[in-house]
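Note sheet for the following structure.
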């Protein structure tokens with residue numbers, strides 16, 4: 001056996017999904033592939049990779065070459081598809097020093113222009129993300145789901161009692 005390309009590099013979720021589709025995996029039929037391949041397919045169907053095409057990904061890579069991003073950063077942008085600058089800051093190392101705010105905004109625009117939205121998310125994803133970042137609930141329920149103060153005190157009391165028991169037993 002001769003290995004042609006030992007380690008060709010990391011793949012995007014789209015490339016893995018494309019490979020699985022070429023092997024005959026679909027939502028309905030999974031008899032021709034291993035169970036692990038079908039599990040990966042099920043996961044990828046719910047990611048942005050499901051609605052991406054080779055043209056989308058190639059176009060995006062071509063558009064972001066000018067920003068001097070690492071291969072891993074580009075792959076993360078393709079896989080996760082952040083549509084807000086805050087998402088860009090999370091994925092690009094030292095984004096503030098390397099790119100700045102305006103370039104992060106340009107990258108977010110390139111993501112939304114070149115890559116289609118994930119299949120399960122509506123077109124107004126940016127509104128929901130900004131609501132979540134602002135602390136609001138996208139469904140309009142502004143009341144936080146916090147436990148009652150008494151329940152918190154009871155749980156803290158249990159922790160204190162356990163700590164005292166551990167100290168008595170010599171456990172640290």
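All residue numbers here begin at 1 and follow the chain in the order shown.
Yeah, the Cβs are placed from backbone N, Cα and C, and that goes for glycine too.
Per TrEMBL, the features are as follows:
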type	residues	note
COMPBIAS	139-149	compositional bias 'Acidic residues'
COMPBIAS	150-160	compositional bias 'Basic and acidic residues'
COMPBIAS	161-172	compositional bias 'Acidic residues'
DOMAIN	1-118	domain 'RNA polymerase Rpb4/RPC9 core'
REGION	114-172	region 'Disordered'
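Mean pLDDT, taken over the domain 'RNA polymerase Rpb4/RPC9 core' (1-118), works out to 86 on the 0 to 100 scale. Residue counts for the domain 'RNA polymerase Rpb4/RPC9 core' (1-118) under DSSP, helix first, then strand, then coil, are 74 helix, 0 strand, 44 coil.
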